Amino acid sequence: MMTRRAPSKRGDRVLALTTGAAAWSIPALLVALLLSLAIAGWPALSQHGMEFITGTVWAPVQGQYGALPALYGTVVSSLIAIALAVPVAWGVASLLTEWCPVRLARFIGSLIELLAAVPSIVYGMWGSMVLCPWLQRLFPSIFPAGSGIASAGIVLALMVTPLITAMTRDAMQQVSPLVKESCYGLGGTSWETLRHVVFPSIRRSLAGAIVLGLGRALGETMAVSFVIGNNVFLSMSPTHQGTSIAALISSQFSEADGSQRSALLALGLLLFIITTVVLAIARMIQRGGKQA
Amino acid sequence: MMTSTSRYQRRRIVNRIAWLACLGVTGLCLVALGAILFQLLYSGLPKLSLEVFTSRTRASGGGLGNAIIGSLTMTLLGTLLGTVVGMAAGSWLAASRSRWSGLIRFASDMLLSAPSIIIGLFIYALVVLPSGGFSGWAGSIALAIIILPMVIRSTEDMLRLVPAPTREAAYALGAPRWKVLTSISFRMVMPGIITGILLGCARISGETAPLIFTSLNTNQWNWFRLSDAMPNLPMTLYQNMTLTGYDMDKVALAWTGALLMTLMILVLGIVSRRLARTS
């Protein structure tokens, strides 16, 4: 529905055409992405069917491709990351908005943002060279190998904390000062204001930020593939070595061909569907908040 | 009186505990940040020398010269491609009252939050498989797709800040739409758009996952030959850390590369922040 008048000059027609083409290339890219992954992964998907998702054995030599170990590692490492990151992010955001002088808050805020700027491969290197040996030395009974699904969760937590902190802080700053001041006026402490006024009023933003962080953690590749251990056998213990979808793809792709490559591309499609569903949920939560 | 005093005490203590907890977790974050930066400097500085920039990567160590040039080439080309398409699409979204704009915005958001490894696989299936080999072009296109939605968003957000009366005044003087867009709207908000582009550039210059499937890596000099596999910094770090089974020399070189990469990203971040403040 173009309600505008058609551009009369040639320059305007060129402008409308080129910008329109650029805009329409975005959904086209998305459709092409889905189609190309589906086509490239089709041989593996059609051969294994549901077995592809429920199978527990990933053995390229025998032509067996079961994604469950990778799926398990992806989900569990991301949930561990969120469980660690959310309390930290809320604490930091509370400190920055309620308990900290503005200049100091801005300084600490930009330091935390620095954490978000560090490239993910550096997190992976740091995790494998510093964090994993450290965990192994301090808790040898819990982290027998140092690396593992829980170690990946810790590194992921470091990566998503700045994201969740920034979104939480922005939401907290949207809370009207009038409401907060009336709580202080009634004699409430900072904690009581946070607990009974600020947090309840931004529930949806908080939930949206958490789910968005989860989406980021699910798709992270480099940091995870360094520390998760790359063990394709299903081990239910979260502190043991495992693998994730992204880590499995990145570690096996270069040596793979034929059916294995197809299976890895199908895994990519699976990951894309999972993250898309998670992000759609995040968006629904946040949009619901705006209308209510 | 007794009870109310003790109750007051208890509330004060709870408040103090909450404060300490917040302080504690913030401290934890800063310690983690410090530990990462310390490790970057501690492991990266010893190997830093002129040789790192002038010689290519070798099985026996060598430098990172070819990887740095390859990374710069692909990052710049990716940024350029993504910026051209992204600014066009962003200005369409800002101007459009079409009912399709919601769909396009949604697609752009989906692309923005797609894991970068998926973008790499996509370009592998779309470009590398048909063209028969890994290439710098494929790497640049993958990076362009990652930066694209970021440019779209910052362009649209910024153009929406241009006051309608400013544009209307230009229309009233008889200026065509393209002229208003290029010489009035863009000129007003250019610092903001450039901020977005620089942040996107910082993000793609550290991306590793999409390059595994597109440009791959090589330890040869590749003077801007985009049709061949292209050396790049992130992949070199990845391979030095994983493939060689802990050759300490290569690990040290990887840390030097990580230090250089992180420094570049930090500089981009600082420049964009300065720019955002002046606009």
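Glycine residues also receive a Cβ, built from the backbone N, Cα and C atoms like all the rest.
Annotations in TrEMBL come from automatic prediction, not curation.
Remember, predicted model here, so these are calculated numbers, not experimental data.
As recorded in TrEMBL:
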type	residues	note
TRANSMEM	B:20-42	transmembrane segment
DOMAIN	B:68-272	domain 'ABC transmembrane type-1'
TRANSMEM	B:68-94	transmembrane segment
TRANSMEM	B:106-128	transmembrane segment
TRANSMEM	B:134-152	transmembrane segment
TRANSMEM	B:186-206	transmembrane segment
TRANSMEM	B:252-271	transmembrane segment
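Residues 39-41, 43-48, 52, 57, 61-64, 67-68, 71, 198-199, 201-202, 205-206, 233-234, 236-237, 240-241 of the same chain, all 6+ positions outside the transmembrane segment (B:252-271), place their C-beta atoms under 8 angstroms from a C-beta of that stretch. Within the same chain, residues 255, 258-259, 262 sit at least 6 positions outside the transmembrane segment (B:20-42) and bring their C-beta atoms closer than 8 Å to a C-beta of that stretch.
If you look at the transmembrane segment (B:68-94), the same-chain residues 6 or more away from its ends with a CB under 8 A from one of its CBs are 53, 101, 104-105, 108, 136, 139-156, 159-160, 181, 185, 193, 197, 200-201, 204-205, 211, 215, 221-224, 226, 230-234, 260-261.
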